[in-house]
């Protein structure tokens with residue numbers, strides 16, 4: 001017979017059990033939060049359920065923060081999933097909702113992965129759009145894709161590949177082991193020098209960007225190089241003959257040098273002085289090479305050799321006016337034939353740019369600086385091969401050319417037109 005004490009204990013145990021089970025059930029189903037109005041609900045729009053179910057866990061960065069609530073169809077496609085979030089949980093609105101699996105068995109849950117750490121935050125009635133949701137790849141799609149991949153590989157080809165791999169790696173175990181060990185050492189060294197490696201990768205962007213910016217130039221260079229190599233290939237016979245004739249020519253040059261080995265050093269030594277003078281006066285040499293052909297052409301124009309003489313009449317008297325400043329030579333009677341020293345210092349002292357025609361040796365290009373103490377001329381007026389002009393006395397720009405059609409016939413770079421065309 002049960003005593004009163006035992007009966008009271010059983011009743012108390014049953015009451016505690018009933019209250020505990022009721023509370024646990026209410027907590028599991030979310031009835032407590034609903035009755036006490038705790039937490040808030042967020043809806044996420046998924047393309048399909050992805051295997052999620054009501055009551056599944058909701059995690060925020062891997063920490064449980066709620067449960068999956070009601071699932072309902074959203075329009076013509078998609079599923080709207082209610083996420084019941086616990087009270088006090090602050091989740092940024094810029095969040096990715098992912099249906100994930102805990103294991104290979106397929107225990108799905110919803111993981112909230114924020115893209116930022118600050119607000120705004122999700123609250124009651126917020127929605128996560130479909131663009132910010134992800135579902136796992138269906139198992140059927142994975143199996144079908146794997147099956148198609150396996151069937152796409154020919155059995156005979158696969159058998160040959162496996163046999164060849166077996167032959168290739170047969171007896172290479174020690175070498176592969178050393179290769180793996182060396183790979184581990186390489187990875188360790190790369191980890192130890194990670195800052196330097198990172199800096200190298202960052203700096204390589206500059207090099208790659210430069211290559212990208214110069215892509216058109218590199219392509220043009222490649223095309224020109226291809227054209228050059230094609231031309232060399234087409235001239236293969238000529239090149240072979242040239243190489244074949246090089247040996248006799250080299251022997252002749254060697255004989256010439258040996259025959260003059262005593263005189264050649266003396267000649268080269270003497271040429272050094274002349275070379276130094278020429279280098280110091282390169283502007284003047286260039287001016288002479290440009291002007292002299294024009295003067296020669298003018299001489300042939302004046303006396304063409306047909307028994308006549310050609311003159312040009314310039315109707316610009318006193319324009320520009322002649323230069324008189326700087327001469328200072330005293331005039332004397334023409335009948336005075338007594339000796340008198342010449343005025344060697346007579347020259348035009350008008351400044352450059354004056355209205356007069358500033359002439360004199362001071363306008364000629366002088367030696368460059370550092371040429372052994374040679375005096376530098378006041379003004380250098382070299383010829384500009386790009387524009388075809390030169391600065392004359394007084395700073396006036398002159399253009400050397402032809403007024404006839406010979407230049408267009410012989411070409412701009414030909415000197416033949418200078419011998420047959422008149423002076424401009």
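Cβ from N, Cα, C; glycine included.
Heads up, TrEMBL stuff is auto-annotated, nobody curated it.
The compositional bias 'Basic and acidic residues' annotation in TrEMBL covers 330-339.
The feature compositional bias 'Low complexity' is assigned by TrEMBL to 360-378.
According to DSSP, the domain 'Mce/MlaD' (38-114) comprises 0 helix, 44 strand, 33 coil. Residues annotated as domain 'Mce/MlaD' in TrEMBL: 38-114.
Under the heading domain 'Mammalian cell entry C-terminal', TrEMBL lists 122-271.
Per TrEMBL, the feature region 'Disordered' maps to 314-394.
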For the compositional bias 'Basic and acidic residues' (330-339), DSSP counts of helix, strand and coil? 0 helix, 0 strand, 10 coil
Across the whole of the domain 'Mce/MlaD' (38-114), what does the mean pLDDT come to? Round it, please. 87
